[in-house]
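Asker: Sharing a structure with you now.
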Ligand code: AMP
């Protein structure tokens, strides 16, 4: 037994604990009776007394010494962490100890609602782990303070009772237990997007805890805010947001009232704005500004519009009398009141006699286009009575006239309608002329300007108009022996009067002139011909443009576009293009063209290894003439299949058979001539990549993982070069062989629709594996090699996180929303910065901004050649992106590139001659591209940092 121990300071060194966390236990409180464990006071290096628990019965066999804690309340946590600090003596260092000496001890727990259990049977405990020391110590040298303190952390998950007891079992080791700390992790209270998320205890296993945020004061929900609390106490995936209520604007993490003189009308407006003209807000928190006296706001006026007033009166009225019709015209008001919606209304009164007694006109007169709400300053009034006085009031109004107590602006127009000309006929007739005479009106409304004589041949349509200033006229050039009708009217300053009565006169007999104008008929003929030509032209245009539209539409249809490629019509010289099996009228011919028929007797099936969509997948051997036996996977088509199922099943072979690449699963052949129909492929010993990674969690080096990713990227480059779009690239569809070589598989035509359990129906119909699919493919089925690149980014994330489910347990809808709002998966644990950056590049919103598979292969090759570039981890606290550390001082180009996480381009910069920080200040995209920085995302990142450099000297935004 030792009496003095090397120990840490017994109080907590919070630096080893992740914040936020909450302690449940400190071993400073005594535990229950523990006869073999001794509670000993020792001094730490600062001479502070502290207690340890020790046991060291190494000389005797059959030890079973228990040390138990008091009841530890779990305070609602489902998962707690236990950190123990201890020293453990190396058995070899103890002279003469028997072989029963141990170098481990066991840790247990027992869940219970009872906080005062006196005794717990050994068999009731659940074992947490056997604890061994990383560093056992061979000598105790307190004087030199040789610290050989071990720290181990273990978790217990899914706790459900009030609390638990911890126990330590010694089976014959030499142990000093220096500290035991029990804690759980919380996501700390935080405010994001104006929503407050409470202190949240992390979930039981790795599951995320979904937390609804509460809008902060003076804000309201725009879209339900929520976030997920991750197992290690971090907040993930903010969705939705709150917005400041009307009258408030956002300020840091809250909402502040609008200052006097400003207002905010709607919650969705970002900021308070100055009151519009003729309005003010004397108080804080205004959601609208009050109009000044005499100014108004119509109900439909936006709050941002200036307050307005009613218009002034119309001006410059003019009337034109035309018999019993009057045209009234006026100019718009000088002051429209600040609005564009001025209209006019008319009121008519008929005034009788000299007394000018006026009464409303009634409904017998008509206004064209209308009497009220005229938008142009003119109106035609019809059906007035001749020789009468009328008074028209024209009123101007606008959207706020009804709100204004002041009378509307008006102008009055008085008009007298014309009197008829009473013609007194003085007739003189010859064979080709007639002379008429008349008397003017008795009370003309103004001086008579002229008379108008109209005449026409009786029963004919064409008439002739003649004008004269005198009271008589001789009409010449008439046909002999023909009856004509004559009428006369007077024109005064006020307009035309009405016609007098008709007078019929017959000329004396003579020769008859031919009628009809040959020129007119010519014009008519030309018009008809022109009309026909025009019609033919229009019809032709319609047909042509109809065809044209149809063509454009077809061209824009992504499927059509794809079909063009698949039919091999767009073929680049020297490149092999994948041929879609649908191109074949007879799908069996596609199978014959691309897959070798294998004699079933050469296949030996050994065991079932999986279940495919169409039947079992088995492993077995294939004997190929002249070659040694090879291991193969055999997919068979279950009995009772339909024609379509057979076609779909074999389509995978006719697609796979066109590929020949080390990272694409190789087709050995098919069996179609006898039943069951089979597809034979090379055998991949380690099965699908997702299951394989989960099974080997944490067991590979980064270089091995990057090697796998490189293989997948290379296979995908081959497929994209052949214009094949995979559409369902995911770790579950990658197979791994015994040499860790990854190969892309799953090429069936129906696979995305029926086979993939991850595929979900989208609102546009069709099934899509949402978590792996690019937004444009989800939204409008734009599947391209660039959408395959997005999926590849997700595969990278799956690989580095050893088969973690992308976006954890979030719903598909939440994933779509989060991606749309710009959220991207964070770096998995221990993920090199460069790899996470590459993932983010693959998840660029614009598909042309994503890297091509060829570029991905080049990047990964570089990383493999230079493993040091993988050393910097994305989630090591020192380099985590943190907006609160806005600046970093850098002195060299290399330091700068490291600071903005573009360290992989150091060589490119130095060999291009960019050696000092000054030299990069005016670098351009084309120069970046020239020196080999070709990814759009990286170019953007570098150039935006250069901008910062320009504005901040050498303080770089990171
Ligand atoms: P599939 O129908 O292609 O999705 O295959 C179903 C399952 O069978 C896969 O998830 C694999 O576990 C297994 N499998 C398919 N092909 C092979 C192969 N060539 N080598 C080894 N396992 C395979």
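Glycine too: its Cβ is placed from the backbone N, Cα and C atoms.
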Asker: Can you check which of 477-499, 500-522, 523-545, 546-568 TrEMBL lists as transmembrane segment?
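Answerer: When 477-499, 500-522, 523-545, 546-568 are checked in TrEMBL, transmembrane segment belongs to 523-545.
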Asker: Out of 635, 644, 647, which is the one TrEMBL records at the ATP site of 609, 610, 611, 612, 613, 614, 615, 616, 617?
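Answerer: Of the residues offered, the record points to 635.
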Asker: May I ask for the distance between residue 56 (disulfide bond) and residue 609 (ATP binding site), taken between their Cα atoms and rounded to an integer number of Å?
Answerer: 52
Asker: Which of these recorded positions has the least crowded Cβ, counting other Cβ atoms within 10 Å: 613, 728?
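Answerer: Across 613, 728, these recorded positions, the one with fewest Cβ atoms within 10 Å is 613.
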Asker: If you count, for each of the recorded positions 56, 174, 611, 617, the other Cβ atoms lying within 10 Å of its Cβ, which residue has the minimum?
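Answerer: Each of the recorded positions 56, 174, 611, 617 was scored; lowest Cβ tally within 10 Å is 611.
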Asker: Quick one: pull the CA-CA distance for residue 91 (disulfide bond) versus residue 611 (ATP binding site), whole Å only.
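Answerer: Cα-Cα distance, residue 91 (disulfide bond) to residue 611 (ATP binding site): 52 Å.
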Asker: Other than 609, 610, 611, 612, 613, 614, 615, 616, 617, 635 themselves, what residues in this chain have Cβ atoms within 8 Å of the centroid of the ATP site's Cβ atoms?
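Answerer: Not counting the recorded site residues, we get 618, 636.
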Asker: Can you tell me which of these recorded positions sit near ligand 1, meaning the Cβ is under 6 Å from at least one of its atoms: 174, 609, 617, 728?
Answerer: 609, 617
Asker: For the ATP site made of 609, 610, 611, 612, 613, 614, 615, 616, 617, 635, how many Å separate the two farthest Cα atoms?
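Answerer: Largest pairwise Cα separation, rounded: 14 Å.
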Asker: Which residues of the same chain, at least 6 positions away in sequence, have a Cβ lying under 8 Å from the Cβ of residue 101 (disulfide bond)?
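Answerer: Same-chain residues close to residue 101 (disulfide bond) (Cβ under 8 Å, separated by 6 or more) are 58, 91, 94, 172, 173, 174.
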Asker: Taking only the Cα atoms, work out how far residue 728 (active site, proton acceptor) lies from residue 613 (ATP binding site), in Å, as a whole number.
Answerer: 15
Asker: At a 10 Å cut-off from the C-beta of residue 91 (disulfide bond), count the other C-beta atoms across all protein chains.
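Answerer: Other Cβ atoms found within 10 Å: 18.
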